[in-house]
Amino acid sequence: MQVMTNASDFVEETTADGVTALRFSGDLSIASIGNVPERLSEYPGGIQQLNLADVGYIDTVGAWLIHRTARNMGAEIVGGDDEATRLIAAVSSVDPAADVRPDPPNPVLRVLNEIGEATTLAFTTLAGLVGFFGSIMLALFNLLRHPGQIRWNAVIQRFDVVGVRALGIVGLMSFLIGLVIAQQGAVQLRQFGAEVFTVNLVGRLTLRELGVLMTAIMVAGRSGSAFAAQIGTMRLTEEIDAMRTIGVSPVEALVLPRFLAAIIMLPLLGFYASVVAIIGGGLLSWVELDIPPATFFSRIREVVPITDVYVGLAKAPVFGAIIAICGCYQGMQVKGSAEDVGRRTTAAVVQAIFLVIVLDAFFAVFFTWIGWS
Amino acid sequence: MIGETPLAYDPQFEGPIICVKGLRNSFGDFVVHEDLDLDVRKGEILGVVGGSGTGKSVLMRSIIGLQKPDEGDVKVFGESLLGRSDAETVEIRKRWGVLFQGGALFSTLTVAENVMVPIREFYPKMDREFRREVAKYKVCLSGLPPDAAPKYPSELSGGMKKRAGIARALALDPELLFLDEPTAGLDPIGAAAFDSLTRELQQTLGLTVFLITHDLDTLHAICDRVAVLADRKVIAVGTIDELLAMDHPWIQEYFNGPRGRMAAPKQG
């Protein structure tokens, strides 16, 4: 059974005393109004009266339509019952001169504006990150003078979340990366009869670069985003403000444990990742190139200088610091709505990965320059 | 297609607008409602009160279909809604509007666009320009200044968010309005203004209002009847005077406690 509504309609008529009028019929409601608004707005002028005598049910949508049409055509409304008169009076007492959306700005200005805003944002973010690093350092020195205040529970808990729980995924990723490096290396080097150098490739690349870099990217995605989201949500629920009021410094209570966990866990995870990648590479060398594991590992010890391990381990805490600073800084900047938490979380991950890769390039140049190549 | 035809409705239906019978709701072992009955009459403002955790919001959610009760029957406009698909109940759902506790405005849309969402959803063929106008006068009808229409919810104060929520709830010209703690978090002036807006809209638009509240002033100012939720059911429904005549300890405590006495209109 269909819904019982009478579609609204209107016809033009001339009354006995020569007045041109539109006579409406049916229900004037949101459900039955159909294309009447369009037809009315295209209707040529010359109407003096809107007759509602035949109208059944009317709601505010119908009342608004009649009010608007009467206003635009300069016509008077006749024949409405009490209900219609009341509703038309109600809607005509409001003046919706407003817009549905804010005014769109001039496109040229908008582009310029956006470039300007993006530039300022980049610089203020950079300044903010440096400032935030400063406040972390201050808090750290403060704690070093009063070591009793260090929240070991929080720090250890972060160790677990950032480090221990990442072992599985970081291990799997590194193992596969080791496999892929060895496999691709073997295919390419075989063309020169130099498959045996696959060992050099796997050993040096993973210990020096990829182990730590890939770990940093994984930790930025896993923990950097979590830092931003956790702290950001705490901002929204005013937990951070509550902490300040009670006299607890949010930097000491929330940021420092995450910062310490990241700078301590990243070298450990990075070294672990390198070792797992070497195991992956060794496995592939055994299967593909018939290099037995014992030979593989003794070759690794011969061809990988110890400085490669130092290079990897020296970079890792810096990467960890960057991930923690970006995550916590963006979290602390959250204001307004839950939407902002999402935006800040994305920004934390993107900035952390970007800065990690930029710094990695600097490190590469620096370590070559000091002769650790 | 069986079961997909929208239910027809009778615009002249005069019985109880909402009729809840034998409702039972539970979360795990925790029983919120048991054998709960409630009728809401046409054209009244029914206040629903009860201590925290007595399931006022759960009752509202059961009526509007967001919570599936374990047992019982819920009839709105004389049609049973339980066990029916969304496609079947669409004509009924068009006839009510809901204001959620926090306003629940869509944060990526402006106020006017928020009002346009239900209109576009249920009446996609409506002329675009006309739809905008409808949205704009609804915003003004809810007592917001016209320049609030192009603003985003994050730019509004708490009271304005509530009004914007009302504007969206009224988008489809409903006959039944659900308000979940509309005056919570508003200052007394804002709350009083919101009460008079509710009363005004109820009278001009001929609404039936299901109003959950903790606000004793609201109960005294605008509610025709009050339903009291306690002990997992509605223990009493009536005007405040009728309730005061009862001798249930919670009701006495509620209306005759220090706050209850302050809110009561002064006797000549």
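Each residue, glycine too, has its Cβ placed from N, Cα and C.
Features of the protein shown, as given by TrEMBL:
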type: DOMAIN; residues: A:9-122; note: domain 'STAS'
type: TRANSMEM; residues: A:120-141; note: transmembrane segment
type: TRANSMEM; residues: A:161-182; note: transmembrane segment
type: TRANSMEM; residues: A:259-289; note: transmembrane segment
type: TRANSMEM; residues: A:309-329; note: transmembrane segment
type: TRANSMEM; residues: A:349-372; note: transmembrane segment
Point to revise | Whole-number mean of pLDDT values that fall within the domain 'STAS' (A:9-122) | key: 83
Check your understanding: Which sequence positions outside the transmembrane segment (A:309-329), separated from its termini by at least 6 residues, show Cβ-Cβ distances below 8 Å to it?
Key -> 128-129, 132-133, 136, 207-209, 211-213, 215-216, 219-220, 223-228, 231, 254-255, 258-259, 261-267, 269-271, 274, 348-349, 351-352, 355-356, 359-360, 363, 367, 372
Revision key, fill the gap. Grouping DSSP H, G, I as helix and E, B as strand, the residues of the domain 'STAS' (A:9-122) number 47 helix, 28 strand, 39 coil
